[in-house]
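S.K.: I'd like to ask some things about the structure below.
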Amino acid sequence: MANSGVQLLGFFLSLIGIVALIIGTILPQWKMSAYIGDNIITAVAMYQGLWMSCAFQSTGQLQCKIYDSILQLDSSLQATRALMIVGIIVSVAGLGVACMGMKCTTCGGSDKLRKSRVAMTGGIILLVGGLCSIVACSWFAHNVIRAFYNPYTPVNTKFEFGAAIFIAWGGSLLDVLGGAMLAASCPRKKQVSKYPSMASSRSGAQSGTKEYV
């Protein structure tokens, strides 16, 4: 029963993590303009994401523009996009595999040991997907920090972390945590003793003495 509860908890944590990953990947607030120096008095806030860049004016108007060409983007942004997409696809596949191996589902046969191994495989796949997303977010954050502290970067073009990267980070951690719970839910095999038990040996001895009498 406890094993089934761990599987359910890991499944729902991974599901929430995948939803957060999808939302974080779509949102354009991966980095936002930093309000330092002369940039404090600006009336426009700039946001840049994986798919588009947006400008939020003080009047409340938001204008977004999708990136025209993939080839015009820098290699780090292209790698981040690819890792996030791979992480989401792998996590969804792992969640489907784990669902077939959970004890509370009827698909996958009635063999409990086999279903537990399938759930463990799904958990490992979820771990791989979550790690891909963590690498993508950390790489993007590293580039933002490096550009922020670069003395040759103009003050009005410096960016800091936006809300979307924190959502993606949180989703990645939930994905990894849920995958770890599913991977650790596989029961161990019961070890069969090589020696007969004391009760069976005593009963055998008693039966042997009765036969001689």
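Each Cβ is built from the backbone N, Cα and C atoms, and glycine gets one as well.
No curator has checked TrEMBL annotations; they are predicted automatically.
According to TrEMBL, the protein has these features:
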TRANSMEM  6-27  transmembrane segment
TRANSMEM  39-59  transmembrane segment
TRANSMEM  79-98  transmembrane segment
TRANSMEM  118-141  transmembrane segment
TRANSMEM  161-184  transmembrane segment
S.K.: Below 8 angstroms Cβ to Cβ, which residues of this chain, lying six or more residues outside the transmembrane segment (118-141), approach it?
M.R.: 7, 10, 14, 17, 21, 30-31, 76-77, 79-80, 83-84, 86-103, 108, 161, 165, 168-169, 171-176, 178-186
S.K.: Counting only residues 6+ away from its ends, which parts of the chain sit with a Cβ under 8 Å from the transmembrane segment (6-27)?
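M.R.: Distant contacts of the transmembrane segment (6-27): 49-51, 84-85, 87-88, 91-92, 94-95, 98-99, 102-104, 119, 123, 126, 130, 133, 162-182, 184-185.
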